[in-house]
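Reviewing the structure listed below.
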C-alpha cells in the first residue's frame, strides 16, 4: 500500500459554456488542496470559512468517494485525515462537488495503488456526479468535451486553451438541483437542432482556439440559459457590458449562480476591475485556464 501522507491539488471548473450542456468543461486556476495523513478514524478539517456546514466524518463527499472507489475495486481504504484548503467557493457553479469527487478518486487511486487510467477516473467521477462536464476538466485540466450516457464515456481533451476569463461570483449559493428544476422536460425538434448545431460549432471552435467564434456560440444556448438567467441579477446588462468591452462571450457558469466571461489573454484583470466597479453585487475574479488537472504532490 502507498504512503498515506501526501497532498492532492484539484482545480475549479466552469461547465457548459452555453450550449455545451453537461458536456463541456474548463479547468480554472483556483484550487483545492487536500493534505492526507494517517488517522485511526475518518476525519476532515476545513481551513477556510464558509465550509462549516460540510460533514467532517464518513459522510463527507471526499471520504464517501474514497470508500466508493475502494469498494468498486474490492479493496478496503485505510482511514485518513483530510485537511482541506480551498479557493473554490461552495455552491457557486464552479465545480466544488466535482473537485471533492476528483480528490476522492485520486486519493483512493494513490492509497490503494490502483493505477487507474485517466479515462477510468473520469468514468468513475461521471457516474458519481451524474454528468461529465466538470469532473472531466477537474481530473484532466484544460478544456474537455465529453459524451457520457451513464455507461460509456468519450472525451476530447484540449490541454491549455488560449483564453483569459473573469468569473462573477454572487454572495448567495445555489444548489444544482434547484437550478436543474427550472429546466423543461422536453425541447422541440427544431430547438434541439439549433442547440446541437451551436454546441458543435462551440466544440470545434474551442478545439481550434477560435474563442471569437466560441464566444458567439456561448449566447446561442437553447438548453438552459433562458430558463435560469432570471435567477441572476443584471444578467442581460452584464452581457451587454461585456460585448461593449469586446469580450469573447459571457454565460452562466455551470448551473450558476456565478457567471463566466471569456476574454482575450492578458485582458482578464482589466475586465474584472471594470466589472467590479459597474456590478458591485458580484465578486469579479480574473482567472486563467489551468492545465494541471488533479495532481499528487
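Cβ atoms are placed via backbone N, Cα and C, with glycine included.
All annotation found in TrEMBL is predicted automatically rather than curated by experts.
If you check TrEMBL, you get these features:
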- 60-142: domain 'GHMP kinase N-terminal' (DOMAIN)
- 89, 90, 91, 92, 93, 94, 95, 96, 97, 98, 99: ATP binding site (BINDING)
- 204-279: domain 'GHMP kinase C-terminal' (DOMAIN)
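Here the features listed in TrEMBL are painted onto the structure.
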| residue | record | CB count, 10 Å |
| --- | --- | --- |
| 89 | ATP binding site | 22 |
| 91 | ATP binding site | 18 |
| 93 | ATP binding site | 30 |
| 95 | ATP binding site | 31 |
| 97 | ATP binding site | 18 |
| 99 | ATP binding site | 31 |
Residue 95 (ATP binding site) - helix vs strand vs coil (DSSP): coil
Beyond the site residues 89, 90, 91, 92, 93, 94, 95, 96, 97, 98, 99: chain residues whose C-beta lies within 8 Å of the centroid, for ATP: 12, 88, 254
Number of helical, extended and coil residues in the domain 'GHMP kinase C-terminal' (204-279), per DSSP: 40 helix, 9 strand, 27 coil
